[in-house]
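Quick look at what TrEMBL annotates:
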type	residues	note
TRANSMEM	A:49-69	transmembrane segment
TRANSMEM	A:81-100	transmembrane segment
TRANSMEM	A:131-155	transmembrane segment
TRANSMEM	A:167-191	transmembrane segment
TRANSMEM	A:197-219	transmembrane segment
TRANSMEM	A:263-284	transmembrane segment
Amino acid sequence: MTTETTRIHNIGYRDYDGPRLGRAYARRSLYSQSLRGAYGLGRSAKSKVLPMILFAVMCVPAAIIVAVAITTKLNDLPLDYTRYAIVTQAVIGLFLAAQAPQSVSRDLRFKTVPLYFSRPIERVDYVVAKYAAMASALFVLTAAPVVVLYVGSLLAKMDFADQTKGFAQGLISVALLSLLFAGLGLVMAALTPRRGFGVAAVIAVMTISYGAVSTLQAIAWSQDSSGAVSWLGLFSPITLVDGVQTAFLGATSSFPGGDGPGAGQGVVYLLVVLALIAGTYAALMRRYRKVGL
Amino acid sequence: MARATNVDDVTVIATESLSKRFPKVTALDRLSVDIGPGVTGLVGANGAGKSTMIKILLGLSPATEGRAEVLGLDVAANGSEIRERVGYMPEHDCLPPDVSATEFVVHMARMSGLPPTAARERTADTLRHVGLYEERYRPMGGYSTGMKQRVKLAQALVHDPELVFLDEPTNGLDPVGRDEMLALIRRVYTDFGISVLVTSHLLGELERTCDHVVIIDGGKLLRSSSTSDFTQTMGTLAVEVTDTDAHPDGTAALRERLAEAGVSVHAREEDGLPGAGHILLVEATGEETYDVVRDTVAGLGLGLVRMEQRRHHIAEVFRTDSAEATDVAGAPDASSAGITDPPSGPAAADQAAEASAR
């Protein structure tokens, strides 16, 4: 009868004999932790502010467009699904600049990387998880407004087949953009343990390359060499995406004169994008080869 | 269950002529050692190859030559499985300052393969066992060095490994923190049943904690033996006194008086350390030596600045070695070199000879 009331609490060490879920589970855990981290979830309130603001900034214009389209009973959206990410590229660049260093520079700076590698995961798991998490975070950021546009277009009773096709093209385009940007951002961030340098490097590469390419394109256009316009687009990330979607995803190009690459040139664009994605992945693998313990 | 039946109860770590050569240095040179369960100290000067050895044992760096087994698994082939059953506490700082200890250790537990609920439970348990209570919810940036070391230890233990590698766990701690950490390390084996391989460059602090000590130098095995072998002849006292008007050189006066009283004072003084030339190294034969020193100092009217058990620095192993080889007259010295007993086996003797030749 005393066993009910006088219980001995054993606070000594307890062995763990539950399941150990191994490498694949650890990789998934790292992925979800990094993805949540990109939006500040599971981190301090302060680190939620910027990503959440940027997410709102991405979605609000889409909501406004939808509201206008519904009230004025438009037959088509005033902005293409594929065009949205091009217009909001500054916001995407800012998100990448803030969150890519957050994801990888911190582990390098505070030397947490050895703790990961002293566990079941291997280098490839770390790189894949971080890459996938960054790409997913960008995809959430860029696909959300596209979804808003699509839902709005259906509410406005626009042509279903048309809108669905545009929506699908838009999703493919932002998926490609997310992969490309994530790779570029992570490579730049992983080169330096200093977060500030990472942020600056990402912003610089994104804006300088775009600024230079669009300036040269404008000059080429005014010189009537429209052939050069579409080749120049190969040299900045956002114009690469623009070129691919113009060639294959029915988008209208934002290049001067609206002349994007044709199907033949488009193949070159696509190859360059894929090579960049593969190249950034290889660069990350290489970067972490020496960061063992 | 594998734990109880396996042969690796006998040998936790086994290396066989393990070598690691870099283009310019040889970090490990044909190291063969068997380490059983318990707390094992891996002692060596900085750059002796301690960290390299841990890296190889974790399966993160391939050995140039030879082989090694951890918990019966080959390091070259089964790195991932080894790391699932082994914990590692690095020497350097590794904690992000903006995260709380709880969040951090939970994440690390999941990275070791623990399901979410188990990870949280084990984290709470482990942090309590290493002595971290309310502060575990605060960001780690505000922690003291002692608290940080505890979190580092907790993340190595959270998945209940069978063996942990602790790389210089007492680094940066004050004497009290050092003693607490050493006591904690002892408990990791006695209470938690987890074998420990702990590195240090201080032999003195390991002799109290470890069951077994492995000394390496320049990547070579210098000595591997149980700690009881060491402790027998480890009684050296460091004594420092003030000077007075009556005895302008208090140290010299004390040296003379102690010699008269039949206490052996080492001819060699500490050099290269603060207070060099003012510290006498006295051979302690037992409790009574303390009394003799105290009475002698009092009799001379000197002030006793300190009288402490000397922490044997690994460098001494080599210094006394060379002293023995060159200075035969310093007979009392030899007893202080207890840690450099004639090594067993011809190979070990070779190595010792090499060490003294340096």
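Any Cβ shown, glycine's included, is placed from N, Cα and C.
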Q | Proximity verdict for the transmembrane segment (A:167-191) and the transmembrane segment (A:49-69), three or more C-beta pairs under 8 Å | A | no
Q | Recorded stretch that, among A:49-69, A:131-155, A:197-219, A:263-284, has the most CB pairs under 8 Å to the transmembrane segment (A:81-100) | A | A:131-155
Q | Sequence-remote partners of the transmembrane segment (A:131-155) [C-beta within less than 8 Å, at least six residues beyond its ends] | A | 30-35, 37-39, 54-55, 58-59, 61-63, 65-67, 69-70, 77, 79, 81, 84-85, 88, 92, 95-96, 99-100, 103, 163-164, 167, 170-171, 174-175, 177-179, 181-183, 185-186, 281, 284
